[in-house]
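In Swiss-Prot this protein carries:
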| type | residues | note |
| --- | --- | --- |
| BINDING | THR229, ALA230, GLU231, GLU283, SER382 | L-serine binding site |
| BINDING | ARG260, SER261, GLU262, GLU347, ILE348, SER349, SER350 | ATP binding site |
Amino acid sequence: MLDLRFVRTNPDVVRQALINKGVSVDLDRILALDVERRQILAEVEQLKARRNQVSKQVGILKQQGQDVSAIIAEMGAIGDRIKELDDRERQVSDELQDLLYQLPNLPAPDVPVGPDETGNVEVKRWGEPRQFAFPVKPHWDLGVAMDGLDFERAAKVTGSRFSFIKGGLARLHRALVSFFIDYLTERGYREVLPPVIINTASYYGSGQFPKFKEDVFSLAGTDYHLASTAEVPLVNMHRDEILDEAVLPLRYVGYSGCFRSEAGAAGRDTRGLIRQHYFEKVEMVQFTRPEESEQALMEIVANAEGMLEQLNLPYRRMLMCTGDMGFGQYKKYDIEVWMPSYERYVEISSCSNMSDFQARRANIRYRPAGGKPEFVHTLNGSGLAVGRTLAAVMENYQNEDGSITVPEVLRPYTRCERIER
């Protein structure tokens, strides 16, 4: 959420940010409601002052034996007007709050301006794609052939875009989770196993609601929703708290199932493990002082890239443009892994600096030494998406006979060098 005072004093900056991010919000209505609300509050304050003044006169006039009926009538009229204004103020505040929730975060000054993914900028590339001496198979064909992926039975049990992961591939999936968590805890992240049923306030706090509500699975008749990412519970773990400056930065690594309806994703990478309604992900979240958030973002990026390098998976880093960076992001890098069957790079991690956008919505502050509470900055990054990493390992480490060579860094977890039927 943006600071209303900033919106009030910098409407042109906010208007340009809306254009750059491709978001449509009635900014003029926000400004008009803000003016009306402040006028109402000023009038109420004046009326209350007048009522206090008049109420004192009543006692004095009564002692003097004078008629106070006119003054009492005035007090009644003042009370009626205050009630009328209070009712209107609640209406104005509710509408204003709803509109403020629709305002995206402002992009950082060094974020490229662009309408969509065509405006993203590649800033780094690591590793050379493997040259195969045999026809490359997509991971879904490899998995089905070794009886490690079963989409048909998953469709029978649940529906489309779900999967059973079995046998050696299930062990490889579990190995990836353990490797990711071990890698990050060794670098100062505290492991957290978060709840995957989240209330509405938490989704508003992290910024997914109201904009992305249609992409979330909700439990009918309740205030609960399934978690779309561990970012939501990890950020809201400190909602409505004032943190001691000495504990910053806070670093958490959370592992959870992720549930997404992906309402707008029809036809986009919907085969295999790339875009499923349920998947598992390891997530990095940090709470920092504002002046340290840029450094924290690069640390998160380095962690995501470091894990891919240990897996020896070629990747590239993309700086996302304004039109493709997301609603709440101040700055965002996507890490994309090479997928041989696609003959292109596919997103495997998004690393974002949210500045104070989530902290304002969730009311997360810290107290500097000797100062007033200030909003923290929050950051998050996939570390990594497990199903997509499994797919990347399968494709990049496939053998002509359909088996999968296990990356060396995972062998202590799998206790084998090859996955086969």
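Placed from the backbone N, Cα and C atoms, the Cβ positions cover glycine too.
Locations of recorded Swiss-Prot features on the structure.
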| residue | record | contacts (Cβ under 8 Å, 6+ apart) |
| --- | --- | --- |
| ALA230 | L-serine binding site | VAL192, PRO194, GLY254, TYR255, SER256, CYS258, LYS281, VAL282, GLU283, VAL285 |
| GLU231 | L-serine binding site | SER206, GLY254, GLU283, VAL285, ASN380 |
| ARG260 | ATP binding site | ASP215, VAL216, PHE217, SER228, HIS277, TYR278 |
| SER261 | ATP binding site | GLU214, ASP215, VAL216, PHE217, HIS277 |
| GLU262 | ATP binding site | ARG161, ASP215, ARG275, HIS277 |
| GLU347 | ATP binding site | ASP334, ILE335, GLU336, ARG388 |
| ILE348 | ATP binding site | ALA304, LEU308, TYR315, ILE335, GLU336, VAL337, SER382, LEU384, ALA385, ARG388, THR389, ALA392 |
| SER349 | ATP binding site | ALA304, ASP334, ILE335, GLY381, SER382, GLY383, LEU384, ALA385 |
| SER350 | ATP binding site | GLY326, LYS332, TYR333, ASP334, ILE335, GLY381, SER382 |
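Around THR229 (L-serine binding site), the same-chain residues six or more apart in sequence whose CB sits under 8 Å from its CB are SER256, CYS258, LYS281, GLU283, listed in sequence order.
Over all protein chains present, the Cβ of SER382 (L-serine binding site) has 27 other Cβ atoms lying within 10 Å. In sequence order, VAL232, LEU234, GLY254, SER256, CYS258, LYS281, VAL282, MET284, VAL285, ASN380 are the same-chain residues whose CB sits within 8 A of the CB centroid of THR229, ALA230, GLU231, GLU283, SER382, the residues recorded for L-serine being left out.
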